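K.L.:
Annotated repeat 'WD' per TrEMBL: 47-88, 89-130, 131-172, 200-241, 244-285, in sequence order. Taken from TrEMBL, the feature domain 'Coatomer alpha subunit C-terminal' applies to 815-1218. Feature annotation from TrEMBL assigns region 'Disordered' to 825-845. According to TrEMBL, the compositional bias 'Acidic residues' annotation covers 832-845.
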Amino acid sequence: MLTKFETKSNRVKGLSFHTKRPWILASLHSGVIQLWDYRMGTLIDRFDEHEGPVRGVHFHKSQPLFVSGGDDYKIKVWNYKTHRCLFTFLGHLDYIRTVHFHDEYPWIVSSSDDQTIRIWNWQSRNCISVLTGHNHYVMCASFHPKEDLVVSASLDQTVRVWDISALRKKTVSPSDDISRISQMNTDLFGGVDAVVKYVLEGHDRGVNWASFHPSLPLIVSGADDRQLKLWRMNDTKAWEVDTLRGHMNNVSCVMFHAKQDIIVSNSEDKSIRIWDATKRTAVQTFRREHDRFWVLAVHPEMNLLAAGHDSGMIVFKLEKERPAFSVSGDFLYYVKDRFLRSYEFSSQKDSQLVPIRKPGSVSLNQGARTLSFSPTENAVLICSDVDSGCYELYIVPSDNTGKGEIMQDAKRGLGGSAVFVARNRFAVLDKSSNQAVVKNLNNEVVKKTPLPLSTDAIFYAGTGNLLCRSEDKVVVFDLQQRLILGELQVSAVKYVVWSSDMESVALLSKHAIVIASKNLIHRCMLHETIRVKSGAWDQNGVFIYTTLNHIKYCLPNGDSGIIRTLDVPVYLTKVSSNNIFCLDRDGKNQIIMIEATEYIFKLALLRKRYDHVMSMIKNSQLCGQAVISYLQQKGFPEVALHFVKDERTRFNLALESGNIQIAVASAKEMDEKDHWYRLGIESLRQGNTSIVEYAYQKTKNFDRLSFLYLVTGNREKLSKMLRIAELKNDPMGQFHNAMYLGDVEERVKILERSGHLPLAYITAITHGLSETSKRLAAELGDSVPVVPESKTHSLLLPPAPLMCGRDWPLLRVMRGIFEGGLEEIGRRGHEEQEEDGEATGADWGDEDLDIVDAEGVIKIGVTDNEAEYAEANDENYEGGGWDLEDLELPADVGTPVAATSARASVFIAPTPGMPVSQIWIQKSVLAVKHVAAGDFRTAMNLLYWQLGINNFALLKPMFMDIYTGSHTHLPAFPTAPVISIALEMGWSESSTPNVRSSPALIFSFSKMDEKLKSAYRATTEGKFSEALRQFLNILHTIPLVVVDSRRELDEVKELIEIAKEYVLGLKIEVKRKETKDDLIRQQELAAYFTNCKLQKIHTRLVLTSAMTICFKGRNFATAANFASMLLESNPSEVQSKKARQVLQACGDKSDAHQLNYDYRNPFMVCGATFVPIYRGQKDVSCSYCGARFSLQFQGQQCTVCEIAEVGAKTTGLLCSESWMR
């Protein structure tokens, strides 16, 4: 059984496959109907309108409908597109067992415990026939797939076949008058629409299920007598063919396989059994531990089955459907229908070569599994699982012009895998001795070579080389020199695909693809949520692979994408240009046309073939959000800009690429304040002051505009801003502009008009305006402020501007490869931007910009949207108060235009790369990487989700150590800040910039062993406080440790358990030493310490201590028990002698005090109260260390590890990205 999907739920009573989509319906005993996508493993929808168990459910073959029937006596018809129940049929008087759609007519047949079968018309929504005759519960009923028949099974021990042809004639097509009269007579005199054609008797107990064969006149039934019966029928009678015995309890369901001569049954004996329908013998049995099976479903078109049991359901296949094949040059060699066949890619010619002998056993999965071909010798090796693994060697005749029907006497042998390693040599894996046995074409052993690791499969890796696979590693092994040429940590590799030049290899596992070099140097890794099925390399070095529902590509740097979707899985054999050659599950060759432009474009970018990129941009129809996002991600926003039509996206890309030309054009199209604001910021960053001025004017940001004029030294426009503020009646704006201009007299006037006479007086007298100060002093009278004479006066005057009236100088860099080429073919390249007055860009050279004076944009009615730039924001301002002729501003004002000659001579500075610390944390769920990158918040969130850790005060020193340990700092210039550099493990100059190694970490798993030994030593020496500190340090360090192999991952989990037991025990001992007055509590704590799982040397010390304490406390029976346990632990002579003395002294004496300790009843010690939690009592555990607590401590801090929450729901420990839990 190959399990494809499994759910956990209430008991599943009904199942139904969708004929086209990868969906399955499951009706539960709880009354819920679930709709699952078994390919993706996701719950699509749930329907819960039934009251009580739903026992029957069925998809319609072509309509978006399904029907359900339950214990509420209701039959409901649902539309899964609208997610609602369309209508309900009422009529049955007891539980409804099954419901079933007719494939052609608008009928539903239902069976019920009311001993009837009813046929309903779901279009007219009424009951059209009631079939009576059974005298007990009717357990199932279903239509024949082609004929007008219904089969039913009942607890009255019979199977009945009903003829419903009269019903079809009545309801479907009464075509002529004679048939109508006949129909009227039938209705008038009580004719029957459905009659019993056969009654099949033979079962000794009630029959639970009966079903038709999809094409043959056969019926199979299963009953409470634990038997299956096979029945045959013809036009006149039906009879029993055979009885199949083997189930140990009631048979719940039985069906014919849709595509094979197989019967599948399941039972309350917790098993599914497979039977050969031809030989009528048992083939295979699959069992579950605790779950009884209740229902089966067979996919009508695919090799899929489903079974419902007490705690959910499983979707499974009986056999692998992947055809065995091998590609050699222009030929594909594959196995189909017990024949070896060849397919020529160029001519698309398919030929039958050699018949292959059928296996002698009747077990499943005995077909060809792998195929290896030697082109020089025309030899083929075919491996299968017959006899636990064997191979057959065939020689293909070179002049094979016939039908290939002559059976060869193939050479055979046992072995887990067999592949050609040279022209006339092949290697066979001998798992028992872990050797590669090299044989010649006569099947004679040439030599035997021990393999370097425990190997469960071998693959071809070049002449004389093998790729050996173990559970978590693959190695390339040279058979001649017995050397390991390369090794790579990768788990569960299923298939190996080499490139045509043997320089690259793809290692395919169930949900991952690893791309490596020929010496297994890791290049990239891809993870898929659904199963990877096959792959092939194209001529450009791109790996094309298929999943269950997609054809995808993987570039050499690990970038991937979807090429197209698939209706059914296929297995790639060759990729040639835009054609993909593949085999389907039936072994038929197919050619799929694909559009390769996207990944060829990305490959050209990756390899920096910019001439190809430019050519593809000009000539192809590349488009889509995926391409735009990819170009942005890879640092080519100026290229992405070419593909975009949406103005918002164009604006964002233009800002990112520094293309002020397009940004201004897009901003004018949208004319939104936020975009003008962002344009102003970017223009200011580039020093393009004319565009900054234009953006500030569009947003009416007068404060920023005034400050811009100040720093650029444009005093003339500052004066005009002062007059605008005066017209707006904005005293603060006037004061600021006057201050920017250094106009002291104007400042004094503004302060005087605003009523701030003391400030006006001080300003005037400080700046030497004697006449004005005297006048103000006269107005102030006695309130004249006193100016301190001891203070030195400093005048508040604006500084001299750095530049006057020009843009900031820009850095000259080399012209970009795409510059110019994209300008010619850009979306707006054909527009004459100078004519419509739009801003076209910044000055990238030393020449002045050819910019129209932008001061006129302040004028009302001049700009495109006729906005009033000096519009008053004050509520008291009333329009019409401006006299614009007084301002004497020019009327012909437009958007500033950059000089194109200057623009073309230089280019924007390169975009900074991604920080290494950011690369570390991309798509990483390891908290320690986020700590090393300095992202403590995310690290803390990850540790809480994974382990429930919430007390980070204890981890703060470790966080700081990891962060500082993974960075170094270099001093730069004396006035410049120190440069922080991230430290990587295994860094090299040849590494790709955005593919980085892991951070250098100060905590490693290898150091944990030293810490553990030190803690053991402190425990042995009786330094309990020191030992407790060291074990706690181990528990606090483990969440921040990274491991590489599955073995280390298991050791980490074991170390957590060890440290937890010691911390708990040592805390109990420390508590005992603090409890001096309560002798009984002391004895209890000593007894609890013995329950901790410690090393033998420490267990003996704990038992000795507990024995002594209890003996002194006169609890002789308990002390004798500890003495017996000590003697069983292989003690030293001194400990043994002491134990025997205690046993002798205790004799048959009883305990003097009652202790809360029962060594006969297994228990765990509560980590908070240090009292036993006996078996059967409810408890809760720490989400990290696993320490046990009473229920009252749910949600509190764990007192054992001191960092995690008790009872938190977590995902579990993650300390390795290659071995995710």
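Using the three backbone atoms N, Cα and C, a Cβ is placed for every residue, glycine included.
Could you tell me the structural context for the features on the list?
P.N.:
Counting same-chain residues at least six beyond the ends of the repeat 'WD' (47-88), those with a Cβ under 8 angstroms from any Cβ of the stretch are 13-19, 23, 25-33, 35, 94-101, 103, 108, 110-112, 120, 122, 125, 300.
Sequence-remote contacts of a segment are chain residues at least 6 beyond its ends whose Cβ falls under 8 Å from one of its Cβ atoms, and for the repeat 'WD' (89-130) they are 14, 55-61, 65, 67-71, 73-77, 136-143, 145, 150, 152, 154, 162, 164, 167-168, 171-172, 193-194.
Within its own chain, the repeat 'WD' (131-172) has Cβ neighbours under 8 Å at 94-95, 97-98, 100-103, 105, 107, 109-113, 115-119, 121, 179, 183, 186, 191-201, 203-212, 214-215, 219, 221, 223-224, 231, 233, 238, counting only residues six or more beyond its boundaries.
Under DSSP, the residues of the repeat 'WD' (200-241) split into helix, strand and coil as follows: 0 helix, 25 strand, 17 coil.
Averaged across the repeat 'WD' (244-285), the predicted model reaches a pLDDT of 90.
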K.L.:
Any residues 6+ beyond the ends of the repeat 'WD' (200-241) with a Cβ under 8 Å from its own?
P.N.:
136-137, 139-140, 142, 144-146, 149, 151-161, 247-256, 258, 263, 265, 267, 269, 275, 277, 280, 300
K.L.:
What does DSSP give as the helix, strand and coil breakdown of the repeat 'WD' (244-285)?
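P.N.:
Helix (H, G, I), strand (E, B), coil: 0 helix, 25 strand, 17 coil.
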